[in-house]
Amino acid sequence: MSSTNQYSMRDPTTQYPRPPFEEQPQHAPGLAKDMKPRPDHGEDSYVGFGRLKGRKALITGGDSGIGRAVAIAFAREGADVVINYLHEEEEDAQEVLKIMRESGVSAHAMPGDIKEEAFCEKLIATAVKEMDGLDILVNVAGKQTWQDSVLDITTEQFDATFKTNVYALFWLCKAVIPHLPRGATIINTASIQAYDQSPILGDYAPTKSAIVGFTKVLAKQLASQGIRVNAVAPGPIWTPLQPSGGQPQKKVIEFGSNIPLGRPGQPAELASIYVFLASQESSFVTAEVFGVTGGHPLP
Ligand code: NAD
Ligand code: MG
């Protein structure tokens, strides 16, 4: 690990690469290992302090992007972790599993498609079995496909986006709740798109509004059971989601240029907030949505 960590004071405008970037089309879901420049998931910088010691977490989308940064941080904070991802992302996933195991925690992989209800149920049951319990669910997996017009969004695309972003969240939460002890936490991943919709994200943006609504309902329902539920709403983050159909390539080139910090965020810059929301440090925080946007604030 380098001598620079998440606490080293730096200028946030130049801390990470700024646009312009290269065109770099990939097929969805895309791989972090093929991005130029490679995203920073905290591999060489995140330092843990036992903030999640003994905790047991399932992270969807844990192979790349925000999910990978969360997985690395959770492992370094002492949590056992199961990650879910799609089979075609195995190469990315193996890198994360290796890094997590170096922290001395148990790290398991369970690839599979969360668009299937039966798989979501199996994922929770397997995670509970692998770790002998589960007390943190982090829903990070998501699908984003740009289209100029809603007339270009097929029913198949609309269905796949809602299944991945909304139905899976519902199925995973439903399956996990009976297993959660008091003190457990659920963290969902919304987006600035829940509040400030891009016209080319006609199916994706509404899924993110649904995630905000579902997070608040669930938090209010589960409060009396001692279970907290929050969401993180990222702005533009440098991950495979964007060049693999999330944005047109001309927008990938200038990604992050239109926000006050003038660059996209890196996955590593999201990790600490997930750690905070997962841990007991945030004991009085529930039903909240936290923006990590580079200066494009939530309303
Ligand atoms: P990413 O591509 O690294 O992660 C998304 C992950 O979703 C993939 O790695 C994949 O494993 C998983 N996934 C997609 N479809 C799946 C399926 N059917 N079954 C199982 N897993 C599936 O990109 P990311 O940007 O880190 O995305 C993580 C989350 O952050 C998503 O919910 C996304 O909507 C949200 N988000 C991203 C940005 C951004 O600018 N990158 C901004 C706001 C919100
Ligand atoms: Mg991935």
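Just so it is clear, glycine is given a Cβ too, placed from its N, Cα and C backbone atoms.
Residue counts for the compositional bias 'Polar residues' (1-16) under DSSP, helix first, then strand, then coil, are 0 helix, 0 strand, 16 coil. Residues or ranges marked as compositional bias 'Polar residues' by TrEMBL: 1-16.
If you look at the compositional bias 'Basic and acidic residues' (33-44), the same-chain residues 6 or more away from its ends with a CB under 8 A from one of its CBs are 1-2, 6, 16-17, 21-22, 24, 26, 64-65, 68-69, 72-73, 91-92, 95-96, 99, 238-240, 243, 266-268, 271. The annotation compositional bias 'Basic and acidic residues' is assigned in TrEMBL to 33-44.
TrEMBL lists 1-47 with the feature region 'Disordered'.
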